[in-house]
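The feature domain 'P-type ATPase C-terminal' is assigned by TrEMBL to 186-375. For 217-237, 249-269, 298-317, 351-370, 415-437, 464-482, the entry in TrEMBL reads transmembrane segment.
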Amino acid sequence: YLRIASPPLVDEDALSLPSFAPDQNEDALKYDNSKRTVLERMFASDTEVRTGRLRKHYKTTHDPPIEALANVPVDLPSGSGHVGAAAALQGTSGPRALVIEGHALLPLLGDPILEEILFSVASQCDAVIACRVSPKQKALLVKMVRNYVSPEPVTLAIGDGANDVGMIQEAHVGIGISGLEGQQAVNASDFAIAQFRFLQDLLLIHGRWNFTRMSKVVMFSFYKNAVLVGILSVFAANTLYSGTPLFDQWVVSMLNFVAGFPILFLGIFDRDLEKDYVKAHPEVYASGPRNEDLSWRIILRWCIITFVHIFTIYFMTGPCMSAAGGNTPAFHGLMKGESVVGDGEGGDLKVFGTVIFTILIFVLGFKVLYETRSVVIGVFPPCRPWKRRKSNAEDRNNDDDDGKEQDFETWSSRAAYTIIGVVFGSFAFYIVSIYIYDNIALSGGTDFIPFYGVATHTFNLRSMTWILLPLTLAGAMGLDVAGKGFCNMFYPPQTQ
């Protein structure tokens, strides 16, 4: 039988009116670029601040916002078929979705023109549902998003069965759900979760934490090596670029190992925001897609502080130890009332370089402390009797046993990871290693004879070392804190 099509409840032309609104990139007409300051353009890591998209950047008179175009009155024909059209149009500015099945996708996917039309329609929707599609069509849909979005976005695909393998492999990030569908999706994925609801924690919490941590680890890795090379370059100018080494070859080889412990613990345990806060404010996840932690302005800040620390470390120590500044072993001579003015061994090049290298190690350790957002101080002693860990805030305030099975804290959750990494893994380990090296040279090792007595003169006999260490450390960290305070107070990122 023939079915007579009834008039549509909502006029399709009226529904498409918001698509004629100016693109979001054209909203610059509402903002006045002259209201942006030079400091905002140079120092702001936040996109809205840097491009002048804040409320204070509005022009005195500007066009109505794009959302207002959705409420433009439209004259619709009267009649029984359009009785609900006026009421339905009130929701035209609401969310839209596209539902399409695999049979309808057959003539669309594979044709560049039809794919572009399909994508233009789908991009106007808040959600797209593709049902009864083949594994190949799932992969082509992901590929279509990667091809027609500029710049190419980071795509994520999640699935639990073998028919999702192609989609998972096509996306940048693939997540497999282990369950009744088998392990094919898990084997082809980058990350595996047990239930779909874990995706929220994986993205908003652990994904965001790891991106922030890795950003700091990467920047610090370049920073510490750049500071070392910079000090060597400055010293080379004083030696007519003859290639004379400032640091002992065995001492300088410890840099990546000694300075690596603090940043290693930061990359594992650092948290800028707690889980509950991130779940309550999911908008903080935007710092990752906006690349706030690895933007060019953040890289520029690290470059600036690198040069600042190079000149601070060298020029606050080198001139003080030049000439006769390091020849007097004060702790052994004049400070004890003895008439010993020095044996002349405290001012040699080995001691000179070891003092600068020691200050460098301490500056790198404190730099990690200033970059971390959560200092893990732990509980002492960590091996004390276990304590019941309450499941929520109400249970924490109630010491009565509710009879439920609960987890228990162990020593691993009570260890002071920040103190272990900085104090023991870096500072203490370095000092101990220097004395072991000195004792090996004392035993008569031919390769280590040039380091004979260096640790003793550097740390035991010279007051100059312990005077320069806190002063240089305070100067380097003071400039670092001043720069951080200026940027965070006046040009903070969105997470602040």
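Cβ from N, Cα, C; glycine included.
Highest Cβ pair count under 8 Å relative to the transmembrane segment (298-317), across stretches 217-237, 351-370, 464-482: 217-237.
By the count of Cβ pairs under 8 Å, the stretch nearest in packing to the transmembrane segment (217-237) among 249-269, 351-370, 415-437, 464-482 is 249-269. Ranked by the number of CB pairs under 8 Å to the transmembrane segment (464-482), the listed stretches 249-269, 351-370, 415-437 are led by 351-370.
Taken together, the residues in the domain 'P-type ATPase C-terminal' (186-375) have a mean pLDDT of 85 on the 0 to 100 scale.
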